[in-house]
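First comes the structure, then the notes that go with it.
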Amino acid sequence: MNIKDALALVVNGKDLSVEQMTDVMREVMTGKATDAQRGAFLVALRIKSETLDEITGAAKVMRELATKVVVNADNLVDTCGTGGDGANLFNVSTASAFVVAAAGGHVAKHGNRSVSSSTGSADVLEAAGVNLQMPADQVARAIETIGVGFMFAPAHHSAMKHAIGPRKELGLRTIFNMLGPMTNPAGVKNQVIGVFTKALCRPMAEVLGRLGSEHVLVVHSEDGLDELSIAAPSHVAEYHKGNVTEYTLSPADVGIEMQSLEGLGVATAEESLALINGAFAGSDEPAAQKAAAIIALNAGAAIYVSGLATSFKDGVAMAEDALATGAAREKLKELVEFSAL
C-alpha cells in the first residue's frame, strides 16, 4: 500500500493492518514520501488514534532500518521514556542506567537530545564528557565490559532524517514519540519505559510483547511523570511471560519514602548533571537525597526486569546499595574514559 492510499483510509477513520503500515512506513523512512505526505499522515494517525497493529508495523520498519549494536551480554536492559511530560525533571532514567550497571546489569541505553524537556539523555551525558559518536562496535564493548553504553539515536536511526522536518514543523506528539523506546538498536528484550500518558501503558506493553520482548514495565505516574514518581503512585503495565498485568505502585510498596519533587526540576544539562553527581556522591543536600531516591526507584525497576532481582523491592534495595557504595559514580567515570579511547 502506498502513502496516498493509506491517507485516504486514515482520514476516513479506517485502521491499517500491520502489513499496510509497514509498506507506508518504508515510504516515510526511505524518502519516497514527500514532506507534505509525511506530515499529513502523522497528523491523520494522531487524530484517528494509532492502533496496536499500526504501532507494531511502524516499529518493525524502524527496527529493520536501524544500525544494529550486537551485544554479547546477559541481563541486557534499557531505561528510557517517551519524554513530553512537561515536568522538566533531571534525567532520571539516564542516571538509573549507571546504577543498574553498578548492580551487575548490562544497560544498552538508547536516547537523544531534548525534544520537549529541558535536557535529553544525550545532553546530560555530553555534559558529563561522554563521546556521543562512538561507533556501534565500541558501544557494544562498553556495554559488555563496563555494563553500560549509550546509543545516540540519530547515529543508529539515520532513516529518521526523513521525518525530522515534518515533526519539528508540526510541533505535535506523533507516533514517533512512542517508537523511540521501542526501537532499541541492541534489540533489548527487557525494558522500563516511561510514557507521557497512562493511556499508552497497556498498548505499548502489548506491542512490545508482539515484538518479542521478555519482561517490560511501562509506567506513568499519577503526578504526570514519564518515570516512576516518589511523590505519587504510578500506573504500571507489566509484560511478562506472554501476559500484560496492570497495577498501581506506590513508592512505599518497594521501600521508598513518599516525598515531594521540589528541587528536582532543571533548566539545563549542567543542572541535571549536578543533581546526578550529588546523588551519586551521597550528598546530604535535600535535593540530592531526593534525586537518589527517585533514581533508586527507577533503577530498581530495571534491575527487576533484567532478572538480577526476583522482586521489584529487591531491585530497589540493590539500587540503593549501588548508590551507597559509590559504584554508580564509578560506572559514569568509566564510560567517560572509555568513550574517549
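Placed from the backbone N, Cα and C atoms, the Cβ positions cover glycine too.
Keep in mind that what you see is a predicted model, and the values were worked out from it rather than measured.
The 5-phospho-alpha-D-ribose 1-diphosphate binding site annotation in Swiss-Prot covers Gly81, 84-85, 91-94, 109-117, Ser121. Taken from Swiss-Prot, the feature anthranilate 1 binding site applies to Gly81, Asn112, supported by sequence analysis. As annotated by Swiss-Prot, Mg(2+) 1 binding site applies to Ser93, Glu227, with the evidence given as sequence analysis. What Swiss-Prot lists as anthranilate 2 binding site is Arg167, and the listing cites sequence analysis. Marked as Mg(2+) 2 binding site by Swiss-Prot: Asp226, Glu227.
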Which ones, of the binding-site residues Gly81, Asn112, Ser114, have a Cα no more than 10 Å from the Cα of Ser93 (Mg(2+) 1 binding site)? Gly81
Densest Cβ environment (other Cβ within 10 Å) across the binding-site residues Asn91, Asn112 belongs to Asn91
By a three-class reduction of DSSP, Asp226 (Mg(2+) 2 binding site) is assigned coil
Under a three-state DSSP reduction, the secondary structure at Ser93 (Mg(2+) 1 binding site) is helix
Which of Ser93, Thr94, Ser114, the listed binding-site residues, has fewest other Cβ atoms within 10 Å: Ser114
Mapped DSSP class for Ser114 (5-phospho-alpha-D-ribose 1-diphosphate binding site), helix or strand or coil: coil
Run through the Cβ atoms and count how many others sit within 10 Å of the one on Asp226 (Mg(2+) 2 binding site). 28
Measure from the CA atom of Gly81 (5-phospho-alpha-D-ribose 1-diphosphate binding site) to the CA atom of Asp226 (Mg(2+) 2 binding site) and give the result in Å, rounded to a whole number. 6
Where Glu227 (Mg(2+) 1 binding site) and Gly81 (5-phospho-alpha-D-ribose 1-diphosphate binding site) are concerned, what is their Cα separation in Å, rounded? 7
Name the residues of the same chain, 6+ apart in sequence, whose Cβ is under 8 Å from the Cβ of Gly111 (5-phospho-alpha-D-ribose 1-diphosphate binding site)? Cys80, Thr94, Gly120, Ser121, Ala122, Leu125, Phe150, Met151, Phe152, Ala153
